[in-house]
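S.K.: OK, TrEMBL features for this one:
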- ARG167: active site (ACT_SITE)
- LYS191: active site (ACT_SITE)
- HIS271: active site (ACT_SITE)
- ARG274: active site (ACT_SITE)
- HIS297: active site (ACT_SITE)
- TYR306: active site, O-(3'-phospho-DNA)-tyrosine intermediate (ACT_SITE)
- 21-106: domain 'Core-binding (CB)' (DOMAIN)
- 127-319: domain 'Tyr recombinase' (DOMAIN)
Amino acid sequence: MPSTTPAQRRQRAQQLPPLREADADAINGFLDALWAETGAARQTLDGYRRDLEGLARWRDGHAGGLAAVDRAALFDYLARRTQDGYSARSNARLLTALRAFFAHLRRRGVREDDPVALIDPPRMPRSLPKAIAEMQVDALLAAPDVSTPAGLRDRAMLELMYACGLRVSELVGLPVNGVNLRQGVLRVMGKGSKERLVPLGEEAQHWLERYLREARPVLSGGKPVPRDEAIDDAPLFITPGRTRPSRQQFWATVKKSAAAAGIDPEKISPHGLRHSFATHLLNHGADLRALQMLLGHSSLSTTQIYTLVAREKLKQLHAKHHPRG
């Protein structure tokens, strides 16, 4: 059980000393190089920055700063984080960030050793993606008040999320020119700047067309959707201030819609719609390779976890309905 709450951990982080200039320069140089060399996603860069700055501020006052951290200090820091209730997944991401950071320093001759080399990653608990029942998805998607521009936008976003299996960052980041209504497809820029085409489906296309025709012009203050979609990279979904909704705003939309649909908001998340998209497709006979392409997974092994979800459902059905189950 965590010894501190997330709010307490945030408060403790705010009490740490400010980042030293040398550490800030080292982190910025690393992140700039990582973006230039690998095209790492903004979320990845932001996560690495938080992890590295957290360690640097915790180490404040030690000679050499972040670039001189040794293995003993890393063990101490990981132990402290575990004590504070950070998850194995969070600590694993920290180690990934540190491996990349020290590899960057070695390539530039700043140091010769790798203090992370002999530190084993934490054992990750195996958890299956949690899908939402199909009837609950129907209720969730129908929850927004489509008589208002914001409600019509929310309905279109929820429909698109479920119909296309999008990540939240992909959904809120969609440009107008990512939609081809004539062909009924969506062009999605995924992790690592990898592009994929995903079919819209009739229901999602219907609500998207209504949003573009009725709601977006109102939310944009009367500015029509650009006719030349081929060259327009304006945000597809916008707030009344004509800015993209944030991931946090869409999270709030999902929670609000769940409550309106009579679903416990604590048992649903935006990513749950992506999990449901994959699980429901498999349950209805979709091919695993096709699912991999639709989800934008670089490795089939990442997609295969959904076969475990389908297998668990079959076991439950067998146990419930077979006379010897």
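In case you wondered, yes, glycine gets a Cβ from its N, Cα and C as well.
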S.K.: Could you tally the C-beta atoms, other than its own, that fall within 10 angstroms of the C-beta of LYS191 (active site)?
M.R.: 16
S.K.: My understanding is the cutoff is Cβ-Cβ under 8 Å with a sequence separation of 6 or more in the same chain; which residues meet that for ARG274 (active site)?
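M.R.: ARG274 (active site) has long-range Cβ partners MET161, GLY165, LEU166, ARG167, LEU295.
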S.K.: Which secondary structure state does DSSP assign to HIS297 (active site), in the simple three-class scheme?
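M.R.: DSSP call for HIS297 (active site): coil, neither helix nor strand.
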S.K.: Specify the count of other C-beta atoms within 10 Å of the C-beta of HIS271 (active site).
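M.R.: For HIS271 (active site), the 10 Å Cβ neighbour count is 15.
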S.K.: By DSSP assignment, list the helix, strand and coil residue numbers for the domain 'Core-binding (CB)' (21-106), in that order.
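M.R.: Tallying H, G and I as helix, E and B as strand, the rest coil: 71 helix, 0 strand, 15 coil.
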S.K.: Within 10 Å of the Cβ of HIS297 (active site), how many other Cβ atoms can you find? Include all protein chains, please.
M.R.: 19
S.K.: Could you state the CA-to-CA distance between HIS297 (active site) and HIS271 (active site) to the nearest Å?
M.R.: 15
